Amino acid sequence: MQMLTFLLCFGFPLSTAFYFHAAEREEKCLIEDIPSDTMVTGTFKIQQWDTGRHMFLESAPGLGMFVTITTYNGEVILSKLYGPQGTFYFTSYSPGEHIICLESNSTRLVSFGGNRLRIHLDIRVGEHDLDAAIAQAKDKVNELTFKLEYLIEQIGQIVKEQNYQRDREEKFRMTSEDTNSNVLWWAFAQILILISVGIFQMKCLKDFFIAKKLV
């Protein structure tokens with residue numbers, strides 16, 4: 001790990017813009033002395049060296065940047081993987097030196113550690129950048145939108161479940177009514193059959209007694 005050291009003491013907004021060279025997957029760090037409760041915004045961009053054109057390309061497809069922010073005590077404030085260009089934010093909770101480390105990260109299956117990179121870095125300390133505020137506001141809006149869509153989806157699922165249960169209850173009620181009706185008609189039919197059998201038996205007995213001249 002190579003260290004680029006900048007000891008900055010200030011009481012007003014400060015911007016530091018520069019670039020440096022690094023090999024692919026090589027980590028480089030810088031130190032900034034930051035007061036407490038201070039917002040720091042960093043913007044970076046990776047350019048890759050083209051051996052054919054002998055120049056740095058404007059973009060670096062397939063490359064990303066892993067940014068790590070730690071205090072001098074080792075407390076990790078930020079650890080996140082970005083694309084070939086991006087902006088990171090953090091707020092210092094205590095005064096003192098903060099270590100900002102950047103390491104290129106390739107998404108390709110095979111990477112060559114000797115690839116030459118130029119990394120542009122702009123560190124703004126104590127500035128409440130409008131773009132940063134807008135980006136954070138958009139992130140919050142997107143998060144709220146996602147949660148709202150999730151709640152709407154859950155409500156729709158609950159309504160579907162209620163409708164399903166209502167349909168099941170309706171079918172069960174209709175089945176119960178049909179069953180009760182069938183049982184009632186079957187009982188009525190059994191009574192009719194018993195009465196018919198009784199009448200038939202009485203007639204048979206009467207004919208038998210008449211035939212035997214018992215009555």
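Including glycine, each Cβ sits where the backbone N, Cα and C put it.
As the structure is a computational prediction, the values presented were derived from the model and not from experiment.
What TrEMBL says about this one:
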- 27-125: domain 'GOLD' (DOMAIN)
- 1-17: signal peptide (SIGNAL)
- 183-202: transmembrane segment (TRANSMEM)
DSSP helix, strand and coil counts for the domain 'GOLD' (27-125)? 0 helix, 68 strand, 31 coil
Taking every residue in the domain 'GOLD' (27-125), what is their average pLDDT? 85
